[in-house]
Amino acid sequence: MSEDRPSRSGDGNKILYCSFCGKSQREVRKLIAGPSVFICDECVELCNDIIREELEEKSQSARSSLPKPKEILEVLDQYVIGQQRAKRTLAVAVYNHYKRIESRHKNDDIELAKSNILLVGPTGSGKTLLAETLARLLNVPFTIADATTLTEAGYVGEDVENIIQKLLQKCDYDVERAQHGIVYIDEIDKISRKSENPSITRDVSGEGVQQALLKLIEGTVASVPPQGGRKHPQQEFLQVDTKNILFICGGAFAGLDKVIQQRCTEAGGIGFGVKVKSSESKRDVGKVLAGVEPEDLIKFGLIPEFVGRLPVVATLDELDESALVKILTEPKNAITKQFKKLFEMENVELEFRQDALSAVARKALKRKTGARGLRTIVELVLLDTMYELPSQEGISKVVVDESVIENKSEPYLIYQTMPAKVASGE
């Protein structure tokens, strides 16, 4: 309020005072009126300084708590076996992404662009697990979306805005937290367009979805209804800025290795791609995928604009038998450790022989399900035992060997020393 502004009662001679510092309107440049209170320009500046200092302290605290790439890699190593190249790429990309968010609070002419990530690897190689572990490490909201369920707006299926809706649900509709979250879009290869040439007809679940995802991934303000969908047109929409949300897209991209080999062959055999003689060689296929270029992804069926918004590409190798055996035993939440914990709750020790672990790995390789199929195999083998065990007494140990995995025998049950009256048949 200016100095010559009349009082609320209409008495122009009444002197007004700041409700916070007590200075009169004659001692300050400006006095702003509110409902029964006044605040001067000096108090407004002081409030701004306090808020600015708190933001800087919060930024410094976040920076100190942000794990370094080596620390990120160490945590990933605890949960994901192998895939060192992909883990290093992810560690650096995630670290740079959150450094970029912190840099927004500084007065700098250089604006850092967002680097979303594309994970390319066979099914069951650890793509989803990598994304989940990163989100858990960074303590940020995380959601998984299935690209095959997405369609263009106006068609039956999920709109791309539903992805942000799921992210909001994960953090109880805290918009600020959601704007720093991680979104993993699975099966991204399934929305590739049907041919390399632009479609002249509607492809609502392929190229159309890629077009719809462009702005969301790059950064836009999405209007999301709190209760989802468009069933409540009268409700107030939440405005979520996606420019600081990290998008990780993953897919198996079956056949991409052949596209890469064809490019290398047409180029006169330059590079390691020409060394691949058979697509059945798992190691060689992994090496071929490591040489993926944007043009290969475009030829596979992703539109150029979409590929351009996923500048960081990490490729995963197909898992061999030794890697699958390690996955069964080494990670913090390894499958065998989980089942041993379940049996411990019944006061029974569970033992997996080495030949059993190898048999499980071979079975998963034969089914071509990767690490994802390991749990199914172990679950089926132990199903009858887990059904009977709670009702039985005196069992101290259950042993699983190769013959059990091959369904040639039941798990071996080792009993404790029976009480005398039980042994006598009473």
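The backbone N, Cα and C atoms fix where each Cβ goes, and this holds for glycine too.
In Swiss-Prot this protein carries:
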BINDING   Cys18, Cys21, Cys40, Cys43  Zn(2+) binding site
BINDING   Pro122, Thr123, Gly124, Ser125, Gly126, Lys127, Thr128, Leu129  ATP binding site
DOMAIN    6-59  domain 'ClpX-type ZB'
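On the structure: features taken from Swiss-Prot.
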residue	record	Cβ contacts under 8 Å, 6 or more apart
Cys18	Zn(2+) binding site	Ser24, Val28, Leu31, Phe38, Ile39, Cys40, Glu42, Cys43
Cys21	Zn(2+) binding site	Cys40, Glu42, Cys43
Pro122	ATP binding site	Ala252, Leu316, Glu318, Leu319, Gly370
Thr123	ATP binding site	Ala252, Lys368, Thr369, Gly370, Arg372
Gly124	ATP binding site	Leu319, Ala364, Thr369, Gly370, Ala371, Arg372, Gly373
Ser125	ATP binding site	Gln83, Leu316, Asp317, Glu318, Leu319, Gly370, Ala371
Gly126	ATP binding site	Val80, Ile81, Gly82, Gln83, Ala86, Leu316, Ala371
Thr128	ATP binding site	Ile144, Tyr184, Asp186, Gly250
Leu129	ATP binding site	Tyr79, Val80, Ala371
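For the domain 'ClpX-type ZB' (6-59), the mean pLDDT of the prediction comes to 79. For Cys43 (Zn(2+) binding site), the number of other Cβ atoms no farther than 10 Å from its own Cβ, over all displayed protein chains, is 18. In the shown protein chains, 26 other C-beta atoms lie within 10 A of the C-beta of Lys127 (ATP binding site). Secondary structure at Thr123 (ATP binding site), taken from DSSP and collapsed to helix, strand or coil, is coil. When other Cβ atoms within 10 Å of the Cβ of Cys40 (Zn(2+) binding site) are tallied across all protein chains shown, the result is 25. Those residues of the chain, other than Cys18, Cys21, Cys40, Cys43, with a C-beta within 8 angstroms of the mean position of the Zn(2+) site C-beta atoms are Ser19, Phe20, Gly22, Lys23, Val28, Leu31, Phe38, Ile39, Asp41, Glu42, Val44.
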